[in-house]
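Contents: one structure, followed by commentary.
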Amino acid sequence: MKRLGILTSGGDAPGMNAAIRAAVRTATRLGVQMVGYLDGYCGLVRGAFVELDDRAVGNIIQRGGTILGTSRCPEFFDPEVRAQAANQMKLDGVDGLIVIGGDGSFRGALALQDECGVAVAGLPGTIDNDVWGTEESIGFDTAVNTALLAIDQLRDTGESTGMMFFVEVMGRTSGAIALHTAVAGGAAGVVVPEAHAEIGLVIERIRETMAKGKRSHIIVVAEGDEAGGAFGVAPIIGKALDRPYRVVVLGHTQRGGRPTMRDRLVASEGGAMAVEALVAGRTGVMIGRQGGRSVEVNLRDVVNNGHPPVNAGLLRLAQQLSG
Ligand code: F6P
């Protein structure tokens, strides 16, 4: 392996830059050149790339977003477009590819490997933490910390005014951001797509705490909940409790910002290991986190298993600690 490509795909996530940096510098140590394709798979298809050396990735470890740009690239669903991309890689002299993204991006990577014989490695990079085979994806920790900051601030105004707040967090169809934010933010309740039916329990619990004199309530709602996110859930709970409320949608604020120590660390280990795997001839792997360590996981298992189940223990804990 003489020359590797790297790209970021799907939604950007804080820590992606740290992963790019680690991959490039590991490649340099192993005598391998590295190029960065721009704007995800779209850049791969067009052959739009930049050469990446140690200096090109200086001063980026602390920056959110991705220096390579990212996109969702629907054309890549087409096998002919993938063949064109593989051909483009040959023309660019690139013989392996690291894809930083979510499971949709990995599906594209695996197809590129299966159909065109391209060596690929995946790094889970998405704030949603919805990738099978890893306990945490790059960007998740930062996104949850961003949501926590907002919740801590809302607590001040909630406590002063007695207002109830419904805070909508991202996560697409996954409730992982919502659950972790709710537990770490001491929320009065949480509503996630995987357990929408428990909304009745949330109402009951808040009613009990109100009767005991609790003044302000923060309810974290995952954007993917079937009621339609916080704007759908708020009237249901607000009406049942007959309380005034406000809805706060954190939206893309959760995607930006300086990555936390955890995200930088996970990204740095992952970026290094992805390069090492490809250089050693191991293709079709994802560098995930299991038992608090970075490990190689079979990319096909990741794609075939779909999204991991909700953390039922954390859901119970969120309910148990609301008081
Ligand atoms: O997958 C990351 C994510 O931020 C999701 O949490 C969210 O649903 C989606 O991307 C938003 O996508 P877009 O930026 O395309 O609106």
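Going from the start of the chain as shown, residues are counted 1 onward.
Backbone N, Cα and C atoms are what each Cβ position is placed from, and that goes for glycine too.
According to TrEMBL:
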- 3-278: domain 'Phosphofructokinase' (DOMAIN)
- G11, R72, C73, G102, D103, G104, S105: ATP binding site (BINDING)
- R21, A22, A23, V24, R25, R155, K212, K214, R215, S216: ADP binding site (BINDING)
- D103: Mg(2+) binding site (BINDING)
- T126, I127, D128, M170, G171, R172, E223, R246, H252, T253, Q254, R255: substrate binding site (BINDING)
- D128: active site, proton acceptor (ACT_SITE)
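Here the features listed in TrEMBL are placed on the structure.
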residue	record	DSSP class
G11	ATP binding site	coil
R21	ADP binding site	helix
C73	ATP binding site	coil
S105	ATP binding site	helix
T126	substrate binding site	coil
R215	ADP binding site	coil
H252	substrate binding site	helix
Largest inter-residue Cα distance among T126, I127, D128, M170, G171, R172, E223, R246, H252, T253, Q254, R255 [record-listed substrate binders, Å]: 28
Neighbourhood of ligand 1 - binding-site residues from G11, R21, R25, C73, R215 with Cβ under 6 Å: G11
Cα-to-Cα gap, S105 (ATP binding site) vs T126 (substrate binding site), nearest whole Å: 10
Residues close to ATP site centre defined by G11, R72, C73, G102, D103, G104, S105, Cβ within 8 Å: S9, G10, G40, G101, G108, T126
Between T126 (substrate binding site) and D103 (ATP binding site): CA-CA distance (Å): 9
Fewest other Cβ within 10 angstroms of its own Cβ, chosen from the binding-site residues R25, K212, H252: K212
Integer Å distance between the CA atoms belonging to A23 (ADP binding site) and G104 (ATP binding site): 21
Which of G11, G102, G104, G171, the listed binding-site residues, has fewest other Cβ atoms within 10 Å: G104
Cβ-Cβ distance under 8 Å to Q254 (substrate binding site), same chain, at least six residues away: I127, A143, T146, A147, V169, M170, I177
Nonlocal residues around R215 (ADP binding site), in sequence order (Cβ under 8 Å, 6 or more apart): G158, E159, G162
Reported mean pLDDT - the domain 'Phosphofructokinase' (3-278): 97
Nearest recorded site to K212 (ADP binding site) by CA-CA distance, among binding-site residues G11, G102, T126, G171: G171
G11 (ATP binding site) and R25 (ADP binding site), distance between Cα atoms, whole Å: 24
Spatially closest candidate among R21, C73, G102, the listed binding-site residues, to G171 (substrate binding site) (Cα to Cα): G102
